[in-house]
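Visitor: Before I ask anything, here is the structure I am working with.
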Amino acid sequence: MSKTIAINAGSSSLKWQLYQMPEEEVLAQGIIERIGLKDSISTVKYDGKKEEQILDIHDHTEAVKILLNDLIHFGIIAAYDEITGVGHRVVAGGELFKESVVVNDKVLEQIEELSVLAPLHNPGAAAGIRAFRDILPDITSVCVFDTSFHTSMAKHTYLYPIPQKYYTDYKVRKYGAHGTSHKYVAQEAAKMLGRPLEELKLITAHIGNGVSITANYHGKSVDTSMGFTPLAGPMMGTRSGDIDPAIIPYLIEQDPELKDAADVVNMLNKKSGLSGVSGISSDMRDIEAGLQEDNPDAVLAYNIFIDRIKKCIGQYFAVLNGADALVFTAGMGENAPLMRQDVIGGLTWFGMDIDPEKNVFGYRGEISTPESKVKVLVISTDEELCIARDVERLKNTK
């Protein structure tokens, strides 16, 4: 009985999913939140049940111990040795990791060094990897990188128009993110359309709290909206997305609360986007409630959000010289029909038309009309399954 855990560890959280492999059956899933803070929360879902505990969890090692003990306590596994592999989501792999890899000491050290590219994500991932290696040293640990899928971009696409020494000396370039999600939904889109992925031109829109759009040509990423860090691209839940970089020194000069570039970047990452403009929330459901109340700040935030996403999708029609399908995925992409309606409403010139009933009530699958030249699909992303598959593929190669 081979079981694999897919892990997404953040700075203060550890999200997990346990699979029976190779059957790809989900046995249990959960999340541990507020790691390092008082009143940490551990949630376990299995067999239609939900168990929640309030604990004091001081670090990721303690979180992993609690997770594993819960698996035994709730009868999900009988012993640790049933787990044969662990897969870790890592946001930034830089140019070092073009595909998923089995973890060793050198890989872990490189992931920590790459934290400069994803300071909000890589340190937590490294902590999760260390914790599992300490507690389950004999099982295979695999890293799956958000950036790997985008290493197929051409040099003229991933380089910024600044002196090349900043790339050669400091590796400043576009890396992208959400690659595992974009790869998965492109594969699923090909199945849904009944055509080989190698023949398709797709635009995949991962729209959650983080937002990224990718141009997929014959199964390869040829451009993506996130850049050197996941801050780039369209407006997001709490992130600004693209802004004029000259704003950064200007704000440091003008606002005494912003003392340096790090303060401004923190504001752009955590206090901007839907949340910053609306003053309400980063959650689209709260923004839509504000629309119903004619809240002017909610209306403004929503309009900027739609405008930025439409522009990004439009430019990828140019990159691909047309597209066979547009795919919506992730939290908002899958669950916000009003957002999808308003995005498509500004792209009808490209030959897209959605069925209003399918858009609102269909939830998953094709929501475009039969006459639509470009198919519009809603596909649930499953990054955890992608991670588990890579563990299964690599666990006998270490």
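Cβ coordinates are placed from backbone N, Cα and C, and glycine is handled just like the others.
Straight from Swiss-Prot, here's the annotation block:
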type	residues	note
BINDING	ASN8, GLU383	Mg(2+) binding site
BINDING	LYS15, HIS206, ILE207, GLY208, ASN209, GLY210, ASP283, MET284, ARG285, GLY331, MET332, GLY333, GLU334, ASN335	ATP binding site
BINDING	ARG89	substrate binding site
ACT_SITE	ASP146	active site, proton donor/acceptor
SITE	HIS178	site 'Transition state stabilizer'
SITE	ARG239	site 'Transition state stabilizer'
Visitor: Restricting the comparison to the recorded positions ASN8, ASP146, HIS178, ARG239, GLU383, which residue's C-alpha is spatially nearest the C-alpha of LYS15 (ATP binding site)?
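Guide: In terms of Cα distance, LYS15 (ATP binding site) lies closest to ASN8.
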Visitor: Please state whether DSSP places ASN209 (ATP binding site) in a helix, a strand or coil.
Guide: coil
Visitor: If you compare CA-to-CA distances from ASN209 (ATP binding site) to each of the recorded positions ASN8, ARG89, ARG239, which comes out shortest?
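Guide: For ASN209 (ATP binding site), the closest Cα among ASN8, ARG89, ARG239 is found at ARG239.
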Visitor: Using the alpha carbons only, what distance in Å do you get between ARG239 (site 'Transition state stabilizer') and ASN8 (Mg(2+) binding site) once rounded?
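Guide: Computed Cα spacing between ARG239 (site 'Transition state stabilizer') and ASN8 (Mg(2+) binding site) is 20 Å.
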Visitor: I'm trying to understand the geometry here, so how far is the Cα atom of ASN8 (Mg(2+) binding site) from the Cα atom of MET332 (ATP binding site), in Å to the nearest whole number?
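Guide: With distance taken Cα to Cα, MET332 (ATP binding site) is 20 Å from ASN8 (Mg(2+) binding site).
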Visitor: Does ARG285 (ATP binding site) have same-chain partners at least 6 apart in sequence with Cβ under 8 Å from its own Cβ, and which are they?
Guide: none
Visitor: So among ASP146, ILE207, GLU334, GLU383, all listed as recorded positions, which is physically nearest to HIS178 (site 'Transition state stabilizer')? Use the C-alpha atoms.
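Guide: Checked the recorded positions ASP146, ILE207, GLU334, GLU383; minimum Cα distance to HIS178 (site 'Transition state stabilizer') goes to ASP146.
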Visitor: Can you tell which of ARG89, ARG239 has the least company, meaning the fewest other C-beta atoms within 10 angstroms of its C-beta, among these recorded positions?
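Guide: Comparing Cβ neighbours within 10 Å for the recorded positions ARG89, ARG239, ARG89 has the fewest.
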Visitor: Using C-alpha atoms only, work out the spacing between GLU383 (Mg(2+) binding site) and the residue listed as 'substrate binding site' and round it to an integer in Å.
Guide: 9
Visitor: Should any of the recorded positions ASP146, ILE207, ASP283, MET332, GLU334 have a Cα within 10 Å of the Cα of ARG89 (substrate binding site), which are they?
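Guide: Those close enough are ASP146.
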